[in-house]
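Peer 1: Here it is: the structure, laid out below.
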């Protein structure tokens, strides 16, 4: 029997990098509420007493970015100076330019239109906002077709926030991290080997109180008991103290949790982050589309695991390459799957935006606890509406 361990991590909404992601996506949502055609690339830095929002934004609407930043920080829970960060007293600095005209011309009129070898329809006219490769992944390990380690890590992180905000564990503060190690046997998850939870807390609570509270009210409600046994290891605040947290403890930046945002390291990653980017940026939109493709292939029963790669050239509408890897679990060959993808999915940027209805203020909600496998949200890239057509196309 082949056994191996695989580990994934998540972070809470109060983690400094996630504060930055949430502010960037809150700004994007605020702009999209007024101008769905805006071009947005919004980056955020948070540190002790300071928020810096910078980027390239092209829009005719006005958004009060400092107000958006403060409200986001307030909702996360940094509402008092003794937490090390305060939504009302921190400084908020903005530095915003318009999108580069050199980039804009390639997005506004794709190479296919400029050189007149493409159609003059609206879906052909929009070029990719950058070069790069994006990956999507799906697996039968969980009902949401996500890897079990990242699924459990996200659920533990979300539960930490829930018990803090409901005051079930009133001594918790916003910053926190989770990590789950799952043991696999012949490619199937069989048990949880290790759980690590680090959570910011009130200075006068004891470590024993934190450990017992977290195990009882965070771990037990989240991790299925059949995955726990007498050998499962639990590490709760293993440094012994986590009072200084959030931006006071670490500087946070947009886009530094790309593995947390996706598949917990189980799949490859093209390197591009999501938050603060409008959907003409294929780092975001094509990653969502790639998940849509991979999930439908797995939902169709064509493979137990599927990784899909798509790649683009800046200013060009059509992808330059596509690749499917089923890791030996496919019921049809991978070349056939690529052919089926080309038949059933239009992966030009404008087509992705239209198919997934991405010019809406839907991004703040996915800026924490993962962009994929979110059964708590109605996300278009999580639909499996093309599974039956793929199954028929494969002759199954």
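Glycine residues also receive a Cβ, built from the backbone N, Cα and C atoms like all the rest.
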Peer 1: According to Swiss-Prot, which of these ranges is region 'Flexible loop': 77-87, 88-98, 99-109?
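Peer 2: Result: 99-109 is the stretch Swiss-Prot calls region 'Flexible loop'.
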Peer 1: Using C-alpha positions only, work out which of the binding-site residues 176, 257, 277 is nearest to residue 43 (K(+) binding site).
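Peer 2: Of the binding-site residues 176, 257, 277, 277 has its Cα closest to that of residue 43 (K(+) binding site).
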Peer 1: If you average the pLDDT over the region 'Flexible loop' (99-109), what number do you get?
Peer 2: 62
Peer 1: For the L-methionine binding residues given in the record (56, 99, 250, 281), what is the largest pairwise C-alpha separation in angstrom?
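Peer 2: Greatest Cα separation within the listed binding residues comes to 30 Å.
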Peer 1: Quick one: which of these binding-site residues, 56, 176, 257, 277, 281, have their CA within 10 A of residue 17 (Mg(2+) binding site)?
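Peer 2: Cα within 10 Å of residue 17 (Mg(2+) binding site): 257.
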